[in-house]
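Below: one structure, written as structure tokens.
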Amino acid sequence: MAELAPDTVPLAGVVLAGGESRRMGRDKATLPLPGGTTTLVEHMVGILGQRCAPVFVMAAPGQPLPTLPVPVLRDELPGLGPLPATGRGLRAAAEAGVRLAFVCAVDMPYLTVELIEDLARRAVQTDAEVVLPWDGRNHYLAAVYRTDLADRVDTLVGAGERKMSALVDASDALRIVMADSRPLTNVNSAAGLHAPMQPGR
């Protein structure tokens, strides 16, 4: 199948910023990056904004965030994990007329546009409902989802499901083996955020 040129696949972006950040001990979204002028959520919006349009940020009710150049949606079911928030983000993307959305956690500062583009290209080539990276484990929150899965999410949540794995297991999913998993790194401490990582080769 012919390769699709970069940026030809319409793709929305959803940043899940409303997690409880128990291991961090503070809100990850507003954690300043080295240099202190940009927060983690601003950084993630900037990465996704290079490839995705529109971009949505899912936040908890009352969660303080810096002023962002994208819509902020408040989680209607806080405390239930990422599945309901993902569904809300997918629905917003679908209402914006976009068929695919890249969904990620807010704590992935080493995420690359190249990874996002690769997953989007695979989603179009295979027509899979979900395309997610795999490096020994599934990365549900760094994946491309069809936005029409929003209804399926609502059904799963209504049945008591809380895990992203429930959505992937109920969908036509394609797992992409990642030779370099550094872009998928989640930061769970301020020290981890400030620790430099070697660039990929």
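Every residue, even glycine, has its Cβ placed from backbone N, Cα and C.
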Record says L16, A17, G18, D75, D107 bind GTP. Source is Swiss-Prot. Which of K28, K163 does it list for that same site? K28
When you measure from the Cβ of A17 (GTP binding site), how many other Cβ atoms are you left with inside 10 Å? 29
If you count the C-beta atoms lying within 10 Å of each candidate's C-beta, which of the binding-site residues L16, G18, D75, D107 ends up with the smallest number? D75
